[in-house]
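These features come from TrEMBL:
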TRANSMEM  13-38  transmembrane segment
DOMAIN    55-250  domain 'Polycystin'
DISULFID  Cys119-Cys132  disulfide bond
TRANSMEM  220-238  transmembrane segment
DOMAIN    251-475  domain 'Polycystin cation channel PKD1/PKD2'
TRANSMEM  258-276  transmembrane segment
TRANSMEM  296-316  transmembrane segment
TRANSMEM  336-359  transmembrane segment
TRANSMEM  385-407  transmembrane segment
TRANSMEM  447-468  transmembrane segment
Amino acid sequence: SGELQLKTTLWELVVYAIFLADLSILTFGMVSTDMYYLNKAMSRLFVEPEDGTRGFASIGSRDDFWRFAEGPLLDGLYWDKWHNNTTLALQHNSSHIYYENLLLGVPQIRQLKVRNNTCSIYPYFHTLLEDCYGDYRYRAEDRSAFGLKNESQWKYTAASSLSPWYWGSRGVYSSGGYKFTLPESKEETVEKLAFLRQNGWLTRGTRAVFIDFSTYNANINLFCIIKLVVEFPATGGALTSSHIYSVKLLRYVTYYDYFLAACEIAFCLFVVTFIIQKARNIVELKKEYFRSVWNWLDLLLLVVSILAIAFNIYRTVQVSLLMEELLSDAHVYPDFYFLAFWQVLYNNMIAVNIFFAWIKIFKYISFNKTMTQLSSTLSRCAKEIIGFAIMFFIIFFAYAQLGYLVFGSQVEEFSTFQNCLFTQFRIVLGDFNFETIEAANRILGPIYFITFVFFVFFILLNMFVAIVNHTYAEVKADFAVIPSQELQIRDLFRRGCNKALVKLKLKKPEMDTKPADESLERKRTKKFIRSIHLLRTQTQSQLRAMSPPQSFSNRKAAKASSRAAPSQGCVAVFVCSRLFRYTARLAKELNNINAQLKRIKKRM
């Protein structure tokens with residue numbers, strides 16, 4: 001029955017709310033505001049110093065790289081003095097950045113090179129140019145020894161199978177290369193960097209240099225993994241990028257961490273229960289199960305949850321193994337970037353999971369009239385929106401190609417086709433820089449901007465709003481005559497509360513109120529009967545108004561006049577259409593009254 005279905009839906013909503021609360025606690029337990037402040041502190045120290053010195057972001061050439069490596073980099077890595085310039089006694093020859101962040105192991109610097117003659121020179125320039133170093137590609141990578149050829153920094157080291165590749169601004173770089181680690185003392189590091197600079201460690205074929213190191217802050221139990229990347233494209237100059245990840249790799253330290261562990265166990269139990277439930281549904285419904293969008297969403301949540309559980313176990317094991325390796329030899333570089341990279345992917349996966357988990361709530365609150373109207377509006381206008389989207393993106397991509405070809409070589413926001421798409425979305429939202437477009441092309445710039453705003457913003461977006469608004473008005477009119485389930489939910493809660501109070505002996509059984517309820521129901525029944533008579537009377541009056549009685553002679557004259565004046569057929573069509581609309585509205589109202597009468601009979 002309907003009441004049983006309503007109870008089942010409410011019970012599933014309560015269970016899912018507990019699951020969602022558990023998932024939210026786990027998700028927000030992985031992050032904290034300390035991560036942001038730690039990242040900001042490291043960025044101010046290495047990337048963009050606030051004391052006016054030239055930091056990592058100011059590197060524009062190979063000389064600037066050596067200037068940064070022998071200056072701000074060493075000053076940030078090796079803290080051997082207090083704020084009053086007194087000497088700091090290092091514990092176990094370990095540096096403490098900002099006096100709080102322990103430098104784990106030693107930093108590592110590596111570079112990737114390309115071979116000579118990896119690009120083609122036009123024949124006219126063969127006498128002027130002998131060497132040609134193209135953009136970085138894995139197949140064009142130089143793996144031969146160079147320079148002094150006696151140590152690791154002069155010999156190529158193959159990439160590890162577990163280390164992820166790096167996606168930079170000018171290419172995707174492998175995890176191999178020419179590597180070396182920095183000594184533990186600042187003086188030895190200065191000598192080593194000066195030696196490499198004087199012997200030409202950076203060459204014309206160098207395409208990327210990576211600086212990697214990791215720190216640990218015991219005060220907040222956070223690892224900070226830092227990767228500074230300098231790309232030397234074939235065009236000359238240098239491009240910098242930095243990635244600073246603050247992650248919590250040691251999970252179970254405080255009492256709150258053990259509470260999160262209990263939540264993780266509960267999460268696993270929920271996932272196992274949902275797997276069994278969905279397996280039964282698939283066996284019972286078979287192909288019918290996969291025709292619902294909500295069922296596909298359930299399967300997506302289960303898959304992501306299983307992946308999260310598997311990765312959590314894998315990460316815990318890997319962290320323990322890596323910590324053992326670090327403690328055994330403090331003179332090596334600990335590759336925490338591998339764990340940080342996958343930890344960030346795990347966080348993103350959990351973020352997507354909890355996003356869809358919140359969206360799934362709409363499945364259980366469909367009995368709410370407003371929510372049902374919104375979902376019905378979107379489903380009813382889906383075809384019209386798809387047709388509109390095709391037209392919208394045809395115009396949108398046409399303008400994107402125009403902007404890329406006209407402004408691509410002058411304006412950074414149009415330097416790539418992807419940037420053109422994002423820039424146009426920003427223009428729609430009102431975030432644009434008209435001066436740069438006009439400076440790039442004084443004629444096509446204003447024409448591009450004005451026509452794009454006119455067609456996309458003033459026409460297409462208003463068409464989209466009109467489609468949704470028109471569909472919503474139709475859905476709202478339809479739902480106005482459909483009985484709502486909200487009253488049933490209120491009655492169900494009211495009866496449940498009364499039963500609970502009676503069992504707890506906080507309220508007497510409602511024996512005397514039954515006659516009053518029956519009289520109230522009789523009054524409601526009489527009211528509905530009156531409304532039925534009123535509707536019947538209105539219908540009869542409408543029919544008399546639209547088709548007045550005529551005598552035989554009048555009908556004969558009307559027939560002759562209809563032959564002489566065909567325009568009267570339009571009036572007949574109008575009358576029929578008006579009668580059809582009124583009949584449909586009347587049928588909806590009668591259905592509503594019929595449903596309410598059935599509920600009254602059940603209560604009696």
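Each residue, glycine too, has its Cβ placed from N, Cα and C.
Non-local neighbours of the transmembrane segment (13-38) in the same chain are 101, 217, 220, 222, 224, 246-248, 256, 260, 263-264, 266-267, 270, 347, 350-351, 353-354, 357-358, 360-361, 364-365; each lies 6+ residues outside the stretch with a CB under 8 Å from one of its CB atoms. Model confidence over the domain 'Polycystin' (55-250) is summarised by a mean pLDDT of 87. The transmembrane segment (336-359) shares the most Cβ pairs under 8 Å with 296-316, out of the stretches 258-276, 296-316, 447-468. Outside the transmembrane segment (296-316) by six or more residues, the chain places 249, 251, 264, 267-268, 271, 274-275, 278, 290, 339, 342-343, 346, 349-350, 352-353, 356-357, 359-360, 363 with a CB less than 8 A from a CB of the stretch.
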